[in-house]
Amino acid sequence: QGRGPIWLDDVRCTGTEAALSECRAKGWGLHGCEHAEDAGLVCSAANVTENAQVRLAAGPHRCAGRVEVLHEGRWGTVCDDDWDLKDAKVICRQLGCGTAVAAPGQARFGGGSDPIWLDNVECAGVETAFSQCGLSGWGLHNCNHEEDAGVVCSGGPRGGKRRGAPPPKKKGTA
């Protein structure tokens, strides 16, 4: 429990802010609180993977396909719940594939066979890496592979340098 002035009340952050002062709030010093309501936090990297590897699978070229992310040494998919162009924009940026053209859901590029790692991803569209987006807990979802998220980027078959993971190998090849 703190002492002294209470500076913020009703703070609302999206998760993309660089500082608490960038979050929405009533205003500095405006509050209806007591110190018994002081907020605290515990920082942990348990659900965030620094520089998470992502790839696009089963698409017509390296800059379009089903979104897959590497976690605990296994590739898995992302559910299309809340999936939109802002999320796709971050994937395209991380992979060096230009900007996002589409963020198809409903397994447009086929359903994956790996685990579904993420659901309800929240990107603002300004992040440089997927791991900077709001990611729910790994493996927590209410989806099936008919809801795998996809991305189509402006970079084509030969456009841009690839950054990220190699494409998945096709079955039956070494």
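Cβ atoms are placed via backbone N, Cα and C, with glycine included.
Disulfide pairing as given by TrEMBL: among Cys63, Cys79, Cys92, Cys97, Cys143 connects to Cys79. Cys92 is paired in TrEMBL with Cys153, the candidate among Cys13, Cys23, Cys153 named as its disulfide partner. When the disulfide-bonded residues Cys79, Cys123, Cys143, Cys153 are ranked by how far their Cα is from the Cα of Cys23 (disulfide bond), Cys123 comes first.
Cys143 (disulfide bond) sits 23 Å from Cys92 (disulfide bond), taking the Cα positions as reference. Within its own chain, the domain 'SRCR' (1-44) has Cβ neighbours under 8 Å at 122, 124, 126-127, 132-134, counting only residues six or more beyond its boundaries.
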